[in-house]
Amino acid sequence: MRSVISRIDLRGNPADPRASLPRAEIDVASAVEKVRPICEDVRHRGVEALIELGERFDGVRPAHIRVPADALETALAGLDRTVRAALEEAIRRARIVHRDQRRTDTTTRVVPGGTVTERWVPVDRVGLYVPGGRAVYPSSVVMNVVPAQEAGVPSLAVASPPQAEFGGLPHPTILAACALLGVDEVYAVGGAQAIAMFAYGAGECAPVSMVTGPGNIWVAAAKRLLKGIIGIDSEAGPTEIAILADDTANPAYVAADLISQAEHDVVAASVLVTPSTALADRVEAELARQVPAAKHRERITQALGGPQSGIVLVDDIDHGLDVVNAYAPEHLEVMTADAQSVAARVRNAGAIFIGDHSPVSLGDYCAGSNHVLPTGGVAVHSSGLSVQSFLRGIHVVEYDRAALAEVAHHVVALAEAEDLPAHGAAVTARIPREEQQA
């Protein structure tokens, strides 16, 4: 029987493995030109454009762009008790972790009379995007709102697509999650037009300084187009998991975790990296057993069978570490002997999950960690969403006259070396040359 997932044999191949591990191709650049007129329309026509675009793309003409307060209250009152308890626990754990990420101001005494203070200041206003479509993601509300709140952001707004099924409002579970978090500024706007609304402002929605949150290719394209007008977290691409495992790993767990990521999208990447052909065989057998029983088996089968997924055979764990560090996955699970020591050698990953009992799905919801993570290999230079994402470090410089006099001649020398004499003159106006220390 044909395996649901391909094998990639890198044994004996020390070359850069990235060419052998293709990712799904998402052409954000060409999408930018398609969202440009949408963003310009929102810029110039505001709410009128947003209502028309909602009808065009979401199949419903929302009666209100801003969700009324009573709709938030109604959604919370109607939330399933089990889901509410789970969301409250996810919020509680996320607050524990993100509260501990807060930065404190530090003052460094460079010389007597000369200090530099690093002051951490939250972004003034943030727009948080929560996608609709194939699935409902109240967890994305938690993961975006909690770090912003813990950073001290004074003004938060959430946007999520209007749903015809719910009378032009976002999904009630999204609204309930907002209510649980105390967010009362919510907009029934989706896609690129939501990012444009945040960037330019429209109606009751004042412009924001920063936009975070996942979305489809059109959301990513709008973020790219408007970056500079707004700060962004990232251009989220298809989700991905890599699992570094040896023959001590439980194949049923490995298969279940590969499937859980493939469940997201047909272009989701599920990659197992292992030196054990025996484990590879057992995982393939588990996939053959588990996939047919999955609710979204067609989507999962496409994702596992796509070129972005595979079982990668390597020489040993050291080689496997080279592979995963080059791949820089969004999520990395380590299921090996001495997994903590192996995980400590990983340099490039959005988040790392260690051992048999730390599946990615735990991190998606209730580990306390954040699930907004870098995709597409950008974990080589970028981090996941955190309190730090919403803070700016401002250097505050304070020197007295004596401290300036001590270094004035160096400032003047460097200014003259760079042919910027007015820079030096700004110092000599305060400290005449004869008073500058040589």
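Note that Cβ sites are derived from N, Cα and C of the backbone, with glycine treated the same way.
According to Swiss-Prot, the protein has these features:
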BINDING   Tyr129, Gln193, Asn216  NAD(+) binding site
BINDING   Thr239, Gln261, His264, His331, Asp364, Glu418, His423  substrate binding site
BINDING   Gln261, His264, Asp364, His423  Zn(2+) binding site
ACT_SITE  Glu330  active site, proton acceptor
ACT_SITE  His331  active site, proton acceptor
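Taking the C-alpha atom of Gln261 (substrate binding site) as reference, the shortest distance to any of the recorded positions Tyr129, Gln193, Asn216, Glu330 belongs to Glu330. Max Cα-Cα distance over the annotated NAD(+) binders (Tyr129, Gln193, Asn216) is 12 Å. Distance from the CA of Thr239 (substrate binding site) to the CA of Asn216 (NAD(+) binding site) is 11 Å.
Each of the binding-site residues His264, His331, His423 was scored by other CB atoms within 10 A of its CB, and the lowest score goes to His423. Between the CA atoms of His331 (substrate binding site) and Gln193 (NAD(+) binding site) there is a gap of 29 Å, rounded to the nearest whole number. Counting other Cβ atoms within 10 Å of each Cβ, the binding-site residues Gln193, Asn216, Thr239, Gln261 show the lowest value at Asn216. The secondary structure of Tyr129 (NAD(+) binding site), as reduced to three states from DSSP, is extended strand. Looking at Glu330, Asp364, Glu418, the recorded positions in this record, the fewest other C-beta atoms within 10 angstroms of the C-beta turn up around Glu418. Around Tyr129 (NAD(+) binding site), a 10 Å sphere centred on its CB holds 28 further CB atoms from the protein chains shown. Residues Tyr129, Gln193, Asn216 make up the record's NAD(+) site, and a Cβ search at 8 Å around their centroid adds Pro131, Ala159, Pro161, Gly190, Gly191, Ala192, Ala194, Ile195, Gly215, Trp218, Val219, Ala222 from the same chain. In this structure the C-alpha atoms belonging to Glu330 (active site, proton acceptor) and Thr239 (substrate binding site) are separated by 7 Å. DSSP assigns Asn216 (NAD(+) binding site) to coil in the three-state reduction, outside any helix or strand. Our reading of the substrate binding annotation (Thr239, Gln261, His264, His331, Asp364, Glu418, His423) yields a largest Cα to Cα distance of 56 angstrom.
Geometry remark: Glu418 (substrate binding site) versus Gln193 (NAD(+) binding site), CA distance 46 Å.
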